[in-house]
Amino acid sequence: MLRRSASREGAHVLIDTYGRVATDLRVSLTDRCNLRCTYCMPEEGLQWLAKPDLLTDDEIVRLIDIAVTSLGIEEVRFTGGEPLLRPGLVGIVERVAALEPRPQMSLTTNGIGLRRTATALKAAGLDRVNVSLDTLRPDVFKTLTRRDRHKDVLEGLAAAREAGLTPVKVNSVLMPGLNDDEAPDLLAWAVEHDYELRFIEQMPLDAQHGWKREGMVTAGDILTSLRTRFELTAEGSEERGSAPAERWLVDGGPHRVGVIASVTRPFCSACDRTRLTADGQVRTCLFATEETDLRAALRSDAPDEEIARIWRLAMWGKKAGAGLDDPTFVQPDRPMSAIGG
């Protein structure tokens, strides 16, 4: 990847020195979650962000407004922790939907609260949801998440579909010895219920720092397993671009399955994302070890133009890649729950 000169090409977009332009903003609304997934959080002992450190609803909407009107952001995805635990979520969505230009809005969730919120979120302006579900077996779900809420997730998925938050996407992480035999069953279930299934390689973002590359279920493993039951055809001839998922038609279509090979086939060269943590820090990458503080600028009454300048400068320094293959790779201190997916 070639670097650009320091001329700051594209002064009104979030461009980096490799020419990548961020148009997709991930906003973490909380670091708290009502599950304890083994690949994300420890069972106990996490230090939560203090309430005064969290961005307020007004601060979140203001930063999104700056991103959309001054920095070229076209899509906003709300994440967590678990974003449905944020009391003001529906109001935030409604206010962002009123921005000009209006960004596309989606939500990544564990689905537990969707049964009671899906209709309100759709009415407020949310476009679609991504729901995490790694298994069809309640006992395995309890082992993976340390909570007995499998039925709630299934009901939440159904509620999202009925509310029109479509396409409903389901994200699944396969873990060796736990659910790595479920790929074909998960796909058959997704096809039956008209959900779009995406398998994601486990990434080194667990709070315990116990991830090992040699122990993960790879994209290749997943595709091999799926092909024992389904005919998979690579969708179209277009390059993958900034889309993280390699998509396949299932038995000739119309249903599709995606595989996100974040570790074995990373898409860093086409990354179009910028991330905002629940306490107002800009992160250029899931695996970044540096952050840029926007909360301090907000609370010191900095004008929008200054906040946009700080944000552009942060993204200008984005690294070429996550560096997972680099022997010097260091896992971020923040676990996934405190970064936002």
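Cβ from N, Cα, C; glycine included.
Swiss-Prot names Arg26, Arg77, Lys169, Arg273, Thr274, Arg275 for binding GTP. Of Thr108, Thr109, Thr135, Thr143, the residue it gives for the same site is Thr108. The shortest Cα-Cα distance between Cys285 ([4Fe-4S] cluster 2 binding site) and any of the binding-site residues Arg26, Cys37, Thr108, Ser132, Met203 is the one to Arg26. In sequence order, the binding-site residues near Gly81 (S-adenosyl-L-methionine binding site) (Cα within 10 Å of its Cα) are Cys33, drawn from Cys33, Cys37, Cys268, Cys271, Arg273, Thr274. Using CA atoms as reference points, the binding-site residues Cys40, Lys169, Arg273, Thr274 were checked against Met203 (S-adenosyl-L-methionine binding site), and the closest is Cys40. The Cα of Arg275 (GTP binding site) lies closest to that of Cys268, out of the binding-site residues Cys33, Tyr39, Cys40, Ser132, Cys268.
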